[in-house]
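Let me begin by handing over the structure; questions about it come next.
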């Protein structure tokens, strides 16, 4: 496995982690080894995503850079957005979804690196997005004070919900039965079957990252050194522990045989890996840490040995199985404004370094059309692939 982290200093770090335990009393220790540093962006890094082959990074320089982790080369860059890249999410090995401050959500073919769909998703910035485990739905939040539901099967916006404040994060649970919307230090927990808020958790400081550790346990980090585990059913804090010396900026969790691991990155420059206990009331134990001496902003873990069972988003021709889910997500609550969109959001027609029949492409009705729409002008993809700098 390999830790990848971006920072304000425009650098992407890579650290290979050897999970072989080293005897140190009763404490298990892993060993991180510096693999590479790569300075590809011209501004600070703001987002990172990984699948079984590639790592992609987003930046305030408005570009998305692609790295082939098996060959350890830079694969190119995507230049469709005209604002800071705020979020990147892979769904399996075939699709990448990006959001940015230009209000666009873009769906990319992660094999050919073509833009399959570009949608004007929010009137303001897209601040975050999350894909349902089934790949059939997505949620996004933006600075227009809305929570939007996307039907990825039919390729259109399904619902717009006025949440009256600008949310900074949204996250589906592992089984997709509930989701959380984060506004500053407040966590609203929504149930999919009712589309209503089942509870609210208030953190002490502004929240910068959340991760579901199970269907009901949520890890919460923010503008403080502490990480807390909350039970989304009882709304009780199960555990809290000091993870860093400065605010926690990003978290990532994964499971391998005999280990459930959470990784944290902080403005103090440290990346730390923690082994979670089966009882989430027990403080996790530190497996390893590494100091990058940089102000970290985003984090991912490349697991090259873990098979990816989610091959792609559902084909557009597949009958939509989400009609019931949509009606529940769009259910109106007292004090909330919910709009159902019958028509597809107007796609962005901007030709940002794209070639081909862009007019035809903007009329496509599916997010996952296999037709070649707009071929991305991948920077440096003229086979001038840059070797990632290996750390000595």
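From the backbone N, Cα and C atoms, a Cβ is placed for every residue, glycine too.
Heads up, here are the entries from TrEMBL:
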REPEAT    38-70  repeat 'WD'
REPEAT    78-118  repeat 'WD'
REPEAT    119-160  repeat 'WD'
REPEAT    257-284  repeat 'WD'
REGION    312-392  region 'Disordered'
COMPBIAS  325-345  compositional bias 'Basic and acidic residues'
COMPBIAS  381-392  compositional bias 'Basic residues'
Could you give the residue numbers and ranges of same-chain residues that sit at least 6 residues beyond the repeat 'WD' (257-284) on either side and whose C-beta is under 8 angstroms from one of its C-beta atoms?
3, 5, 13, 15, 17, 19, 28, 30, 32, 211, 213-214, 217, 219, 221, 225, 227, 229, 231, 238-239, 241, 243-251, 290-299, 301
Which whole-number mean pLDDT does the model give the repeat 'WD' (119-160)?
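It averages 91.
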Helix, strand, coil residue numbers for the repeat 'WD' (78-118) per DSSP?
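Helix, strand, coil within the repeat 'WD' (78-118): 0 helix, 25 strand, 16 coil.
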